[in-house]
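What follows is a single structure, written as structure tokens, with notes after it.
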Amino acid sequence: MLPSRHLRSAARQRSHRPPPAAGDASSSSSSGRLDPEVIRSNKAITAHMRAGRVADAERLFAAMPRRSTSTYNAMLAGYAANGRLPLAASLFRAIPRPDTFSYNTLLHALAVSSSLADARGLFDEMPVRDSVTYNVMISSHANHGLVSLARHYFDLAPEKDAVSWNGMLAAYVRNGRVEEARGLFNSRTEWDVISWNTLMSGYVQWGKMSEARELFDRMPGRDVVSWNIMVSGYARRGDMVEARRLFDAAPVRDVFTWTAVVSGYAQNGMLEEARRVFDAMPERNAVSWNAMVAAYIQRRMMDEAKELFNMMPCRNVASWNTMLTGYAQAGMLEEAKAVFDTMPQKDAVSWAAMLAAYSQGGCSEETLQLFIEMGRCGEWVNRSAFACVLSTCADIAALECGMQLHGRLIRAGYGVGCFVGNALLAMYFKCGNMEDARNAFEEMEERDVVSWNTMIAGYARHGFGKEALEIFDMMRTTSTKPDDITLVGVLAACSHSGLVEKGISYFYSMHHDFGVTAKPEHYTCMIDLLGRAGRLAEAHDLMKDMPFEPDSTMWGALLGASRIHRNPELGRSAAEKIFELEPENAGMYVLLSNIYASSGKWRDARKMRVMMEERGVKKVPGFSWIEVQNKVHTFSACDCVHPEKEKIYAFLEDLDMRMKKAGYVSATDMVLHDVEEEEKEHMLKYHSEKLAVAYGILNIPPGRPIRVIKNLRVCGDCHNAFKYISAIEGRLILLRDSNRFHHFRGGYRAITSAYYRGAVGALVVYDVTRHVTFENVERWLKELRDHTDANIVIMLVGNKADLRHLRAVSVEDAKGFAERESTFFMETSALESMNVESAFTEVLTQIYRVVSKKALDIGDDPAAPPRGQTINVGGKDDVSAVKNRGERHRVAIACSASPCHG
């Protein structure tokens, strides 16, 4: 496509262009009469171009001793018609005196090639514009879903002809803005039958049959298209009785009338009736045959569809596309590719259909390769093709490729529309680039409910509940009404960010406030919300009170919560339900094994593995991948295939030593095998996500994020290890697993982690790290307060030996800071050994004393210390009693670098 700078260059060259050469007819003719020889040559050039003989036209043009502006225009139109846009732009710069036809020809070529930004630039440069100019701008922007810009050019037009009015009417209709189309229709009375049919088809398209019928009955005159619109409308709605009645009443029928009935019967599952009407048709065209083939495809009867396809006397590109789409939808990729390869002619729909087949079939590499081939063939890339490739980039986290596509979208003028714009938002979020997602969202000139939902769900998956709810609040100020998917995103945001009370409030008010009735997806979010907060009993009670039976996803959420809060009994009960509903779900077997193994119940863990073998359930192998220099690298645990494996393993060995010096301890309880500790450590060291992160650190320049994607859930040990790795290497690590995103920056794990959900007390641990400053502490306090609605008590914990890391401040300085921030400074000797469990044990009693009034409402505790006081703690007698207070009174730990799990 033509970059805007070429058009700016063209404008500069025109402004400094010398007078025309003597050979140009436009300058040599003093009498104003046209040269007959020039006229004959112009006609010959036009004939060559229409026949696709571009080289012959170029030779004739080069040999002409004299040329007129019409000569240049003939070449310009020929280049445009034959898809030679760069040549057209180059020739345009050489025209001595371009006229309005010259401008309009290039303007139309730019619009057809989707170079809308360049088209707008050329429009602004035009010295004179006519109705054709404005109509091109209206139709081109409307075709790309940019209705507001289309209306802008419509309003700019000083004189509007019938094409202008019908173009704007069609723009509204095609983009679903039927009420605005009706307003435009009512603003004047002089409409032809085409206009009536356009508005009527808009009502039909959006299911408003009563309004369409009212127009149909009011029409001063009807043509066969009017009858066809109504017949097809009733057929699509499933009212075949009324469709057949209108078909029988139609004064004239054409092949499309018959085809509408055939399609109607087919779409409503009445295949036999469709075939009877098809066999009775007096004449058939390619559309009729395509409709019948599509009827068989809809019923997944691909053999019958193929047989009918082979019988077709006349096939067009739509016929081939129908078969291609049918095979793709049936998951028959080999057959789809065979059809694609044998097509005598392909259009943008063919390429988009094959791209969709690959993309939906999980063939990411083939999708990208086909897209590259599409560009090499010079095929126009439509919105569907862009959306498919963006979806593929999102699936494999290929951010660099996605950003290149974004650039092409901008040049094509797609980036500000909803259809492709929404795919762009999803790509950035799935690649972990929230900043560019937000920028793309702000740049969208039009947003639909999908746009808002994508933003809310994107922030939710990253654990940024505050930002998700901010977008939701923005949405509520617009005319876009939240739907059930919106509320799923809102509840997920509350769940991922620990905003328990907000989530509960939204759940119980969404029907009254937004007219959304709770569906299974909403209940699943609530079960997840309560379960992750440790309120397992409430989650279980909610499942019992639902108006429908719990599904496997709900039981899975409860099982996951049971693992987090180590409740093997409830986990076993949830797993048994899942095994009944989905006996082949390997993930649930593994999750229950994890619960048993982490509780030391190795016999039960072994039983689960035996049960998997007996039932033939295969565990999905874990893979992680990372994009480096436009190439995706895939890793498995203990990978021995990657060409740089020796370098990766050597780096991990060195990194492991540095991590242990910083206090890292392998979470060997995550290993689901009853083996020695040393072997467990070895098994944890080379998980696929660690290999991918190590490869990223080795190959991605400093300052750029490390983005890794994993097909399964990240294990707790890797989660903890990445805190150390990000601190030691000073890198931002973004990890996307099958459930959500995890952000690690300089040892700092986002406060939105699931570990903090539902806490009524929080201990912010700042200790044994060289990266602690008061600025870091302030950041943590702000983030914790911003991302939770629980009753939080925040404490600054350290010891005298580590105060030097707080910029060599004194105990008095630390106490003063604690007083200003309404926190507590506490000393504990346990931190000197970097033993997190001991540290937690020592301070737990003091935390309990502080939060007891809020959590248990028992009044002030005289033992609770005043703010700013230094406390020495060491007693452990009350720890078990505190822990047994129940899941609702948990205390969350947040850490600066990694000497705890969070």
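Cβ coordinates come from backbone N, Cα and C, glycine included.
The feature region 'Disordered' is assigned by TrEMBL to 1-36.
According to TrEMBL, the feature compositional bias 'Basic residues' maps to 1-17.
Positions annotated as repeat 'PPR' by TrEMBL: 99-133 (among others).
For the repeat 'PPR' (161-191), the list of distant contacts is 131, 134-135, 138-139, 141-143, 145, 147, 150-151, 154, 198-199, 201-203, 205-206, 208: same-chain residues at least six beyond its ends, Cβ to Cβ under 8 Å. Residues annotated as repeat 'PPR' in TrEMBL: 161-191 (among others).
Positions annotated as repeat 'PPR' by TrEMBL: 192-226 (among others). Sequence-distant contacts of the repeat 'PPR' (192-226) (same chain, at least 6 residues past either end, Cβ-Cβ under 8 Å): 162, 165-166, 169-170, 172-174, 176, 178, 181-182, 185, 232-234, 236-237, 239, 250, 252-254, 256-257.
Counting residues 6+ beyond its ends, the repeat 'PPR' (254-288) has Cβ neighbours under 8 Å at 224, 227-228, 231-232, 234-236, 238, 240, 243-244, 247, 294-296, 298-299, 312, 314-316, 318-319 in the same chain. Positions annotated as repeat 'PPR' by TrEMBL: 254-288 (among others).
Residues annotated as repeat 'PPR' in TrEMBL: 316-350 (among others). With DSSP states grouped into helix (H, G, I), strand (E, B) and coil, the repeat 'PPR' (316-350) comes out at 26 helix, 0 strand, 9 coil.
According to TrEMBL, the feature repeat 'PPR' maps to 448-482 (among others). Cβ atoms under 8 Å from those of the repeat 'PPR' (448-482) belong to residues 418, 421-422, 425-426, 428-430, 432, 434, 437-438, 441, 488-490, 492-499, 502, 514-516, 740-743, 750, 752-753, 786-787 of the same chain, restricted to positions at least 6 beyond its ends.
Per TrEMBL, the feature repeat 'PPR' maps to 585-619 (among others).
The domain 'DYW' feature in TrEMBL is assigned to 663-748.
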Fill in: Contact set, same chain, for the repeat 'PPR' (316-350): CB under 8 Å, 6 or more residues outside the stretch
286-287, 289-290, 293-294, 297, 300, 302, 305-306, 309, 356-358, 360-361, 363, 379-382, 384-385
Worksheet item: What is the number of residues in the repeat 'PPR' (192-226) that are helix, strand and coil, as DSSP sees it?
Response: 26 helix, 0 strand, 9 coil
Response to the item:
For the repeat 'PPR' (448-482), the DSSP helix/strand/coil residue counts are 25 helix, 0 strand, 10 coil
Worksheet item: Under DSSP, the repeat 'PPR' (585-619) has how many residues in helix, strand and coil?
Response: 26 helix, 0 strand, 9 coil
